[in-house]
Every structure is written in C-alpha cells, then in structure tokens.
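Record features, source TrEMBL:
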DOMAIN    277-447  domain 'DNA primase large subunit C-terminal'
BINDING   286, 366, 383, 423  [4Fe-4S] cluster binding site
C-alpha cells in the first residue's frame with residue numbers, strides 16, 4: 001500500500017479490513033505486510049508506548065479487573081485510538097494501528113532481558129483486559145481465530161455436573177455456574193488451575209469456566225510472545241543496518257514522551273543560593289543523591305556531571321551560573337581554578353550548545369537514567385531505585401525521614417521493578433499527597449510539579465504532555481522524500497530463513 005496515494009486506496013483497505021483483522025484481539029503471529037510512512041511508524045510506536053506505560057501505572061495503582069481499572073484503561077484506549085470494543089464495525093484503523101505498533105515495539109524491546117520482561121508484562125495485562133471484555137460467543141470466535149480448539153460443554157452436561165462444577169470452582173455461585181460457559185481443556189494446558197484446585201477434571205479434560213479461561217489463553221500467549229521476542233532479538237542486527245530504522249529503534253526503548261525541558265521559561269530565575277534548599281524540597285531522589293555527593297566530595301565523575309548538570313540546566317541555571325556553581329565546588333576539593341578551566345569548563349559549555357557541534361543537549365529522562373550507563377564503584381549517577389542495594393536504599397529513605405510504612409511501599413515497588421512508580425510514591429510521601437494523579441517520567445517534571453505544589457501556583461493536575469515526537473530524535477532522521485515509506489514485511493522479518501510466525 002502506498003500511503004502517498006489518494007484516499008481511495010485507504011477506503012478500499014477499510015472495506016477489506018474485516019478480512020485482514022477479523023477480531024479486535026489477536027496473538028500477533030504474522031507481521032504486517034504493507035508499506036508505512038516513517039512519520040506513521042513513529043506515531044504508532046509512541047502511542048503504543050504511552051498505552052503500555054498507562055497499563056503499568058494502572059496495574060499498580062488499582063486492582064486489576066476492578067471498575068476503576070477498566071474504566072480508566074478504556075478511556076486511554078479510546079483516546080489513543082486503539083481497539084476497545086470487540087467487533088466494532090468502524091475500527092479498521094484502530095486494529096491496523098494495534099497490529100503495526102505491537103511489532104514496532106517488539107523490535108525496540110527485544111534488545112535485553114529487562115526490556116523483554118517489561119514488554120511481555122504490559123502486553124499480557126493489556127491482553128487480559130481485552131479478553132475479559134469478550135462475551136462467551138466472542139470468546140468462541142477468538143479461539144477459532146487463533147486456532148485453539150477448546151470446545152464449550154453442552155448445557156446438558158453442565159446441568160448433569162452442576163454440583164461438581166460448583167464445588168470445584170471457588171467464588172462461583174450456583175447462578176454463576178448456570179450463566180457461564182465451561183470449556184474442555186487438555187490437562188497439560190490447565191496445569192496452573194489444576195495446581196490450585198480450581199477446576200473439575202472429567203474424562204481427561206479440565207472443565208474451565210469462562211472467567212478462568214484467561215489463564216489458559218495468557219499462558220499460550222506468553223509462550224508465543226517470549227519465543228517471538230527471542231527470535232526477533234537474533235535478527236535485530238539486520239534490522240538496525242537500515243539507516244531509516246536505526247535512530248527510531250535506538251530511542252524507542254529509552255524514550256520519554258513529553259517536554260524535553262531544554263528551554264525553560266524560568267531560565268536565570270533560580271539563584272545559586274537556593275539550590276541547597278531546593279535539593280531537599282523539590283529534587284527527585286536521584287538528583288538529591290548527586291547534589292549531596294557533590295557537596296561532600298567536591299567532585300563528581302563524568303556520568304554524574306552529565307546527569308546533574310543537564311538537570312540543573314533544565315530547572316533554570318544559565319551557563320554563567322553553571323560555570324560558577326561547578327567551579328566553586330570543585331576548587332574546594334583537589335581541583336584548582338586553572339585545572340577546572342582547562343579540564344571541566346569545556347564540557348559544561350558543550351552541554352549548553354556553546355562548543356563542539358553546538359547541540360543544545362536536553363536533560364535525561366527517567367528511562368534514559370534507568371536503562372543506560374549504570375553506575376560503578378565511586379559513581380553517584382543512575383536511579384537509586386534501580387541501581388542501589390535494597391538495604392542501602394532503605395537506609396537512605398530513613399535518613400530522608402520517610403515513614404517505615406512508606407519505605408515498605410517503595411521497596412515493594414522496587415522489588416517488582418516499578419522504579420518510576422517507586423519515585424512517584426516517594427513524591428507523594430515527601431509532599432504529603434495521597435495521589436498525584438499523573439505518571440512521573442522525568443526528573444525535571446518532578447521538580448516542576450513539586451514547585452507548583454509547594455508554591456500553590458496550581459493544584460496537582462493530570463499530566464498529559466503534547467506529543468511532538470520521540471524525545472531525542474531529530475527531524476532529519478526521518479529523511480522524508482528519499483525514504484518516505486517503509487516496507488513493514490522487510491523491516492519486521494528481515495531474515496529469509498526466519499518464518500514470519502516467529503515474529
């Protein structure tokens with residue numbers, strides 16, 4: 001399909017969309033086989049990333065499956081124009097976007113075990129929500145669509161076994177047993193339910209109620225997705241050799257979607273005398289750690305200087321203030337003024353776009369801090385929730401006067417690898433608010449929201465940044481014109497010997 005062509009082809013695609021995407025739910029077994037503009041490629045990827053971030057946040061904030069969880073997730077699906085209602089007549093575009101965007105993020109998130117684990121978890125939660133919204137008849141259609149031949153038992157059999165079904169399925173009343181469909185599942189596919197004694201075994205099959213079918217389907221989906229990600233990782237070098245895709249994929253897995261905080265309206269309005277106070281009141285824990293280490297040691301290594309220096313730039317320090325701040329601190333240690341001017345001042349001017357390529361560097365997002373350049377011995381950069389030993393993190397939080405209950409909540413989130421949510425909980429505890437109402441994705445966002453709350457400029461609000469592209473990706477990377485469209489089949493299945501079903 002040529003997206004630069006007239007609308008007639010898109011209209012024809014919608015007309016045939018029922019055949020290509022007969023169901024709003026799928027296992028993503030076959031990669032897209034059409035051309036997609038790079039602008040659309042980027043837009044789809046960022047929207048799905050935003051959706052998966054929402055899924056992660058809602059999964060921690062609410063009990064999965066509750067009315068609040070479902071209503072908020074449906075709102076996000078509608079807003080981002082992903083499928084939310086099974087077999088809707090006019091959702092071809094939503095299904096197409098869902099299909100293509102999944103495969104794009106699969107390319108970006110197959111690169112490490114941590115990325116694969118995060119991607120699988122969010123996709124599983126999204127799948128669970130969608131599956132639970134299906135009626136009995138739509139479940140049967142879906143099972144046929146993905147070639148899972150699980151048959152429901154007849155009403156006669158259900159009536160004959162109703163007492164056994166009631167006793168073997170905890171939480172189901174007699175009325176629910178009568179209402180729900182029960183499926184004949186081979187024993188090897190129902191081991192999780194058999195292990196906890198939640199199903200009736202009958203002539204070599206487990207009789208699984210509709211409400212528990214999601215366990216069976218999710219296990220099947222997880223197996224397929226895990227295998228597909230491993231195979232995609234193996235083929236990734238061939239994909240990255242395409243200069244149209246390389247910058248997109250490099251940024252997606254570390255991407256932050258929101259303001260880049262490179263040009264602040266309050267530039268020059270923060271004095272150097274305020275920094276110590278601000279570090280206690282409005283710094284996220286990563287920057288508070290860096291500031292404390294700088295004051296104590298009068299030095300930071302390169303990783304720390306980059307992370308903290310760009311943060312200070314983002315909160316409003318001018319180049320002149322930054323030079324004065326770093327110089328005054330370094331000369332209190334083992335660095336004299338002449339050595340600072342020769343060895344360190346250049347990199348500070350470089351961060352402000354005054355040296356070298358004149359690039360105006362942006363402050364690091366949470367994802368970039370968490371996933372790149374982990375600290376080694378003697379370093380203080382990175383994310384304390386991600387990179388600190390749990391016991392040391394606990395001691396640090398105690399020194400910050402966090403309550404024992406709050407520390408337990410934070411450590412539980414850290415244990416589940418929800419590092420940004422742990423930071424969000426830290427914000428709530430240090431600012432005495434129950435729910436900030438928006439996800440924290442950037443240290444400078446943390447600072448801005450903290451200042452708004454402390455100064456009473458405005459109430460804490462839903463943070464929905466305008467989307468202008470993937471943070472850190474320059475417009476020139478798209479090379480519109482010469483590389484206007486992208487063959488999805490080639491991009492997503494580059495190795496001839498690799499079957500498309502593996503991706």
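Every residue, even glycine, has its Cβ placed from backbone N, Cα and C.
Shown on the structure are the features that TrEMBL records.
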| residue | record | Cβ neighbours (10 Å) |
| --- | --- | --- |
| 286 | [4Fe-4S] cluster binding site | 26 |
| 366 | [4Fe-4S] cluster binding site | 24 |
| 383 | [4Fe-4S] cluster binding site | 25 |
| 423 | [4Fe-4S] cluster binding site | 27 |
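Of the chain residues outside the [4Fe-4S] cluster site list 286, 366, 383, 423, 284, 285, 369, 370, 384, 385, 386, 419, 420, 443 have their Cβ within 8 Å of the site's Cβ mean position. Per-residue pLDDT, averaged along the domain 'DNA primase large subunit C-terminal' (277-447), amounts to 92 for this model.
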